[in-house]
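A short worksheet on the structure shown next.
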Amino acid sequence: MDSLYRFVRHDDDFRYADFKGLKNLHLGMSNVNSFLTIFMIGAAVWMGTFVFAKSLKRKDLGKSTFQMFSWMQVFTACGFAFSHGANDIANAIGPFAAIMDVLRTNSVAAQSAVPPIAMLTFGIALIVGLWFVGKEVIKTVGTSLAEMHPASGFTAELSAASVVMGASLMGLPVSSTHILVGAVLGIGLVNRNANWKLMKPIGLAWVITLPAAAVLSMASYLILQAVF
């Protein structure tokens with residue numbers, strides 16, 4: 001009976017946490033409406049999965065498997081994009097937020113608030129850069145570095161998203177592009193189709209960019225310090 005009580009108690013706490021989480025969204029929903037919302041979302045996900053699984057039975061196994069991973073890759077791609085924004089955008093906006101805080105308060109603080117408009121601006125800049133300039137990088141990572149199919153693409157994106165998100169949760173600034181290239185290269189090693197000729201300039205760029213950015217930053221700072 002004691003174990004049954006603990007199970008029921010745990011289940012009640014779990015449902016209460018769900019309702020409490022929905023209340024934090026300020027949707028004005030009661031416990032009954034929250035339960036109905038959770039039930040409808042779960043039913044919709046179950047129905048979609050059931051219909052998708054039924055459709056796979058009418059196709060050959062190889063095509064069905066690739067189709068399944070194609071849909072799953074949409075979610076891993078979204079997860080990687082989310083982790084990319086959580087880390088790379090934070091890398092870019094961190095110094096900007098610190099500078100704006102110094103200009104606003106005329107003092108150097110250990111922490112500085114990030115204006116929402118700044119986060120929105122950097123997010124839009126990320127999308128614009130991806131749309132107009134990122135096509136060549138997409139082609140290099142997606143097709144030139146290793147031969148990919150939906151299953152391998154799903155694996156690479158899931159691995160890269162997990163590593164980047166883990167680093168973000170620990171507050172570590174990392175390069176999501178380098179991590180994704182490493183994940184794709186791992187797929188190429190397993191399938192024995194990695195493009196090592198292309199890895200040479202990529203590896204050289206990894207070695208050069210860090211000291212080059214440091215030297216350029218120091219030179220720019222010294223010039224601005226001398227002028228102003």
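Yeah, the Cβs are placed from backbone N, Cα and C, and that goes for glycine too.
The transmembrane segment annotation in TrEMBL covers 32-53 (among others).
The annotation transmembrane segment is assigned in TrEMBL to 113-133 (among others). Residues 85, 88-89, 92-93, 96-97, 100-101 of the same chain, all 6+ positions outside the transmembrane segment (113-133), place their C-beta atoms under 8 angstroms from a C-beta of that stretch.
Annotated transmembrane segment per TrEMBL: 169-190 (among others), in sequence order.
If you look up TrEMBL, you'll see 202-224 (among others) marked as transmembrane segment.
Sequence-distant contacts of the transmembrane segment (169-190) (same chain, six or more residues past either end, CB-CB distance under 8 Å): 80, 83-84, 87-88, 90-91, 94, 137, 141, 145-148, 152, 155-157, 159-160, 163, 199, 202, 206.
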